Amino acid sequence: MAKKVAVIGAGVSGLSSIKCCLDENLEPTCFERTSDFGGLWKFADTSEDGMTRVYRSLVTNVCKEMSCYSDFPFREDYPNFMSHEKFWDYLREFAEHFGLLRYIRFKTTVLSVTKRPDFSETGQWDVVTETEGKRDRAVFDAVMVCTGQFLSPHLPLESFPGIHKFKGQILHSQEYRIPDAFRGKRILVVGLGNTGGDIAVELSEIAAQVFLSTRTGTWVLSRSSPGGYPFNMIQTRWLNFLVRVLPSRFINWTHERKMNKILNHENYGLSIAKGKKPKFIVNDELPTCILCGKVTMKTSVKDFTESSVIFEDGTTEANIDVVIFTTGYEFSFPFFEEPLKSLCTKKIILYKRVFPPNLERATLAIIGLISLNGSILVGTEFQARWATRVFKGLCSIPPSQKLMAEATKTEQLIKRGVIKDTSQDKLDFITYMDELTQCIGAKPSIPLLFIKDPRLAWEVFFGPCTPYQYRLVGPGRWDGARNAILTQWDRTLKPLKTRIVPKSPEPTSLSHYLIAWGAPVLLVSLLLIYKSSHFLELVQGKLPRRFPPYRLLWYMPQNS
């Protein structure tokens, strides 16, 4: 008899969880409180339903080849970065192709998820739901929580002196959908993440003036890398290796040099404050808006008056009509009881960011409570692949006593300042994917691949680390993975080839010969080094802190 699994939420992580359950012959039932799937990707003109959804102008920050389900590539005619409508179309195609919609109960709210009295033996859960006023109770062998990390807006008004005196409109970015209501107004956007940058840019087209306040500053990345390819496509295993062995000071220096060569961040009021951790956003239009005066950069807010804002640098902006806080979200699991509710909000103590450490049976998985320097969709899919195999007993995790001891020790060390709280840090995409797929048995062996299939191995190691790599071997192997990898550049270029242009001949340079003849020798040398456990121990001991590998191409000096 198939084990029954409750999946809470039908967004990107909920859809992948349903599919992963079916792949492992589990019986999923998905509960979705709205009338449609897609979660925040299902656009709505208003925020009356209290749901966090995309705003109208949103465009994806991760290109299509790096942000698809691992056995379901985007169609080749899809743009590399797409509107929310296009992305939702992809989710619909995925759900229909694998027959996922029949497992979703729409307009159903999960009220409570509690352990059954015999949980220590069975690992089962009581799940109480409500559909249009009617309550239901059911028993499940496992639960996958796929509600994401954008449920409850974080609006720390108490941190802003004088905010109670301000007479203008105050809202959180969760309430923002379309700019029409803000025409001709003077607007302050507080917070410079991806959302803050996007909203400031969109409002600058119709507002009288937009002010963008940031405490720390940020590095601003473009969606295209040198040469015009999607910047995510430089996220390779080769660069991942380099970032592990190069000195951090060199990486920091070259990174700052490269970023400021593209855009002098200090001149634009964007540079990172001294002592602050580097932060990145993706925004192609923000520098232009600043250059044209449509967006004015400001320091952090010091005080509010009835209609003005005073900033830390002593400047004042008067006649402010609207303040939009883009201050993030708080994690929330209202259907759990304590202490499980609190434990699940602490990402750093979840085992591999998935399993709570205090359960005798590993039958509860938190899917999607992660921050990555890559696609969250891909990360949630591999979390779900691993979790469903744990449910079936095909993969194991350490006993709860050991996990709780490690979690307690970690929290104590953080409180004492011995180690840093990294719960808000973005995980390295390739490292985390490798870690999860190593547990599954789906991580490709690069040396073995070079022996069996050199052409494929070359693309896997030096090309973009696309999700298809984790379908080449092991459980969940997909016959189309090899072809998907070898044709990923074709799908990248296809939507750009809308005008036939005659090719101009390119002279063969010395660099081409060096690449052709020197690269194989270099690769063999690196693989030998890579396999040296002593070398890896030395590297890991000496170089504890690294930037995300896919940034490295931006750090490296280039000849003009």
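Heads up, the Cβ atoms here are built off N, Cα and C, so glycines get one too.
Per Swiss-Prot, FAD binding site is recorded for GLY9, ALA10, GLY11, VAL12, SER13, GLU32, LEU40, TRP41. In the three-state DSSP scheme, ALA10 (FAD binding site) is classed as coil.
Residues or ranges marked as NADP(+) binding site by Swiss-Prot on the basis of similarity to another entry: THR60, ASN61, THR195, GLY196, GLY197, ASP198. For GLY196 (NADP(+) binding site), other Cβ atoms within 10 Å of its Cβ number 24. GLY196 (NADP(+) binding site) falls within a helical segment according to DSSP.
Residues or ranges marked as transmembrane segment in Swiss-Prot (evidence: sequence analysis): 510-530.
A C-beta separation below 8 Å, combined with a sequence spacing of at least six in one chain, links LEU40 (FAD binding site) to GLY11, MET51, THR52, ARG53, VAL54, GLY148, PHE150. Sequence-distant neighbours of THR195 (NADP(+) binding site) (same chain, 6+ residues apart, CB-CB distance under 8 A): SER173, THR326. Distance between Cα atoms for ASP198 (NADP(+) binding site) and GLU32 (FAD binding site): 28 Å, as a whole number.
Around the Cβ of GLY11 (FAD binding site), the number of neighbouring Cβ atoms within 10 Å comes to 25. Between ASN61 (NADP(+) binding site) and GLU32 (FAD binding site), the C-alpha separation comes to 26 Å.
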